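Trainee: Can you read through this structure? Questions will come right after.
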Amino acid sequence: REFILEKARAACRCSPRSVGASLRRLLPVLDWLPQYSPRTQLLGDVVSGLLVGIVAIPQSISYSLLANQDPIYGIYTNFFCNIIYAATATSRHASVGSFGVLCLMVGQSVTRHLQLAGYGDSSPALGDNSSSPGNGTQACDRSCYAITVALSLSFLVGLYQILLGVLQMGFVAVYLSEPLLGGFVTGSSLTIITSQMKYLLGLKIPRHEGVGSFVLTWVDLFRHIHNTNICDLLTSLVALAIIVPVKELNERYKERMKAPFPIELLVVIVATVISHYFDFERRYEAAVCGDIPTGFRKPTVPDTSLFPSLALDALPIAVIGFAMTVSLAEIFGKKHGYAVSANQEMIAIGMCNLIPSFFYCFASSAALTKTLLKESTGSHTQVSGLVSSLVLLLVLLWISPLFYSLQTSILGVVTIVNLRGGLRKFCDTPRMWQLSKLDTVVWWATMLCSTLVTTEIGLLVGVCFALLCIILRTQRPRATLLGRVSNREVYEDQATYKQLSSIANVKIFRFECSLYYANKDYFKAVLYQKTGVNPVLLAAKAGTDPGSSWGRWGTGFGCLKQARRRAEKPPANSCPPSTDMHTLILDCGAMQFIDTAGLSVLKETHHDYKEVGVQVLLANCNPSIRQRLREG
């Protein structure tokens, strides 16, 4: 009691040192910034920040369409997130901002609420910034209501992530396995590509949401294919023909290049100039971005009345957001040899969603493409993120109106090209099948459900399949009989290795998993099969009742060498063996734990074999299992 009270007093004690330590935990920038070396780190951070900022310009605008928002809000999101993440993150290389999968999920939620509020596709198009979220006294058009929903959603996402971080639940990320995330990203990529096809073709079709939206969208595309805008189609094809080869060259020769060529930004600039001077909007009815305002808007408070209807939508977005952020942070932290706190990363990305929700930003997370670019171009710290924010600040203050004539088909191309990584995972499935069939099943199940059903259900199905695979792996694990390597005290699987010697009348059985309630029946079945001795049947034939008494529960502990010496003669008080085996050794080296059901099975096994004259010994038990056996 005194120990607990002392710990509580220490935790609640307020002193300058404890306050400083708490601030450094909450704001890791206070730790690394005083040690920053401008001479060795500033140049790499500036170059990396400039390049990431340049790449973020077209991505910010294109991902805004994916989130069903005006282009300016995508720039806001990337600007604020980089500043907040630089102050709160433990990762030095992760780059945050708009991420395709999250933007898709945000867009689906926004579209659903727009339809519930009565804003159909005939309502004012996005790009009309005449109205802003208010307290209900102002008229709110479709664009205004869309950002209102996105702000409330971002607030809830950030709140969930911060709560998970404060409760030290960073371990949750480990349950999102690599096959699960890979299948989810690929399925979401297919959905995103489908949603962008109408921009590439210049078609005006409704955005479908919910179950079957993937199929319904393609049905609408083929139904209205005769209405294709030739100008948008040709522009898309030319942009694809230019961007894809250059991006491939960037990846192939990235080791020789100091920085990748910013082909996306160049195409956006050239396409905007051509569209402006040839007046594509008026002459060919091409869809363009329209007015993009400059400067910042007055902060607003998220609409709390939307929280009940958005609470469920925010949960999968929060999970995917922190999973991507934590995984990228840990990958590059391990590569560069510094520690990353999963819990602090969850708090950091939560801050990047909660605080910007007051400044017209939608949900964000770490993005793979920008993180790879940031790391490969010489970034040392999050100062590069601040430089990227400066680049976006220039766009916000002066440059954004120049993108008025930028065609939405170009933005669709930029979005699709950046999803090549997700589509390439199809090429990895044959090798994945060779390595692990269960992992491949998880990948395909998650991918198909994310594509054909909904992204949220796809994520849920993926988690369920991953947990089911864990159960299957432990429910029917590998079980083997061991033989001795010549002249050595080493025992290996007799089915795998040849020329192993067996001990006369002794069987050594290894169960390569913990013994618990889900595999206890399989343990007995495979034990009887491998040893060729079913004590229950033998006892029945001999006219004995193996369940008449429990007898004394005794186990031998020690290495296999000691067990072999003990096995030279059977127990004195046992009945004559009715089989050529007089000793069974259970190798427990692969067992991490035993529950009460597993303990009961061991007792039954010991008793049943004892009834037919076979003694049972346990070997290689870890300390926790030994303690459990003593207590049982």
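Any Cβ shown, glycine's included, is placed from N, Cα and C.
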Trainee: Of the residue ranges 87-109, 179-201, 202-224, 524-546, which one carries the transmembrane segment annotation in TrEMBL?
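Mentor: Transmembrane segment, as annotated by TrEMBL, spans 179-201.
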Trainee: Could you pull out which residues elsewhere in the chain have a CB under 8 Å from any CB of the transmembrane segment (179-201), counting only those six or more residues past its ends?
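Mentor: Apart from its flanks, the transmembrane segment (179-201) reaches 65-66, 100-101, 104-105, 107, 207, 213-214, 217-218, 221, 225, 228-229, 232-233, 236, 287, 320, 323-324, 327, 408-409, 411-413, 415-416, 419, 422-423, 425-426, 428, 432, 439-440, 442-451, 455, 458-459, 462-463, 465-466.
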Trainee: Are there three or more C-beta pairs under 8 angstroms joining the transmembrane segment (345-368) and the transmembrane segment (145-167), sequence spacing 6 or more?
Mentor: yes
Trainee: Which range wins on Cβ pairs under 8 Å with the transmembrane segment (314-333): 259-278, 345-368, 380-399, 443-472?
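Mentor: Of the candidates 259-278, 345-368, 380-399, 443-472, 345-368 scores highest.
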Trainee: Mind checking which residues of the chain, 6+ beyond the ends of the transmembrane segment (380-399), have their Cβ under 8 Å from one of its Cβ atoms?
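Mentor: Residues 29, 32, 36, 40-42, 44-46, 48-50, 52-54, 56-57, 60, 72, 75-76, 78-80, 82-83, 85-87, 89, 91-92, 95-96, 294-296, 374 contact the transmembrane segment (380-399) from elsewhere in the chain.
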Trainee: Short question: which residues 6 or more past the ends of the transmembrane segment (259-278) have a Cβ under 8 Å from it?
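Mentor: For the transmembrane segment (259-278), the nonlocal Cβ contacts are 47, 51, 54-55, 57-59, 61, 235, 239, 242-243, 246-247, 249-250, 286, 288, 373, 376-377, 402-407, 410, 413-414, 417.
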